[in-house]
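Participant: Can you read through this structure? Questions will come right after.
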Amino acid sequence: MAPENSPPSLIQLPTFIFFFFTVLPRTHSRDHSLPYGDCRSSFECGIMKEISYPFWGNQQSHCGRQGFELQCQPHEYPVINMENQTFIVLEIEQNSQWMKLARSDIWNGTCPLLDTQLNHPPFSFSATGIRNLSIFHSCQVNGSIGYDYVLWEAFTGPAKLCYLKFTVPVLITAYDQLVYRSLTLKEALNEGFIAVYHFEEEEFCRKCRTSRGTCVRSMNATQVLCFCDNGRLQKTPCLKHGKSLPFCLSAVRS
């Protein structure tokens, strides 16, 4: 006669409870943060390396901030779109939060039709290190169109005699070299100009990076979180060595 099934022993029951409270919550946390596994503390974009939040690329919008998307191509400078204009990103200095940009149309040899615009947050022109260059194209000189470009920082001649005018910021060093003819116009323009940027969560992300975490956006883009080495997402920086708060304490503090 087969023996009747006996109820779980006192040894089996605690084992089940231990599994439930230790394995299942970690699995849930790991699945919840799964999309952020690619949000490393820095990434490469073309020839540029060590880029991090607020910038993002490769269609990973949850790894960065809206408006800071970089278009990446192998062996090329990154490209960024601002106010319906496209710029080549020559340099990024994230500690001081500035970028060196060059207009892509000029970079590619196209005569621009519009002024360089950078008038709305989070980007703006640097207050130092650049000068505006007004360029007048196809101007009539002595009754005929004698020059392709007539350029000054402040043009005092009859601008109405010129077919096209646009303004482009350039580095002061490039402007001086242009005046002394050690650079051509295109070379001076391709040196780029300095733009600065700011974003609301700067301080939080600085603390997150200091704790060896990575700033990321929530999947619904409503808040900024710190992604820690152990796979946890939280509203506070990680503890030392990338460790986050224990599950119960993290829930209380959030």
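Keep in mind that glycine also has a Cβ here, set from the backbone N, Cα and C atoms.
Here TrEMBL flags 39-102 as domain 'Wall-associated receptor kinase galacturonan-binding'. Positions annotated as domain 'Wall-associated receptor kinase C-terminal' by TrEMBL: 160-230. Taken from TrEMBL, the feature signal peptide applies to 1-29.
Map the listed features onto the structure and describe their local environment.
Facilitator: Confidence over the domain 'Wall-associated receptor kinase galacturonan-binding' (39-102), given as mean pLDDT on the 0 to 100 scale, stands at 91.
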Participant: Please list, for the domain 'Wall-associated receptor kinase galacturonan-binding' (39-102), how many residues fall into helix, strand and coil according to DSSP.
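Facilitator: Summed over the domain 'Wall-associated receptor kinase galacturonan-binding' (39-102), the classes give 3 helix, 28 strand, 33 coil.
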Participant: Using DSSP, how many residues in the domain 'Wall-associated receptor kinase C-terminal' (160-230) fall into helix, strand and coil?
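Facilitator: Split by secondary structure, the domain 'Wall-associated receptor kinase C-terminal' (160-230) comes out as 25 helix, 23 strand, 23 coil.
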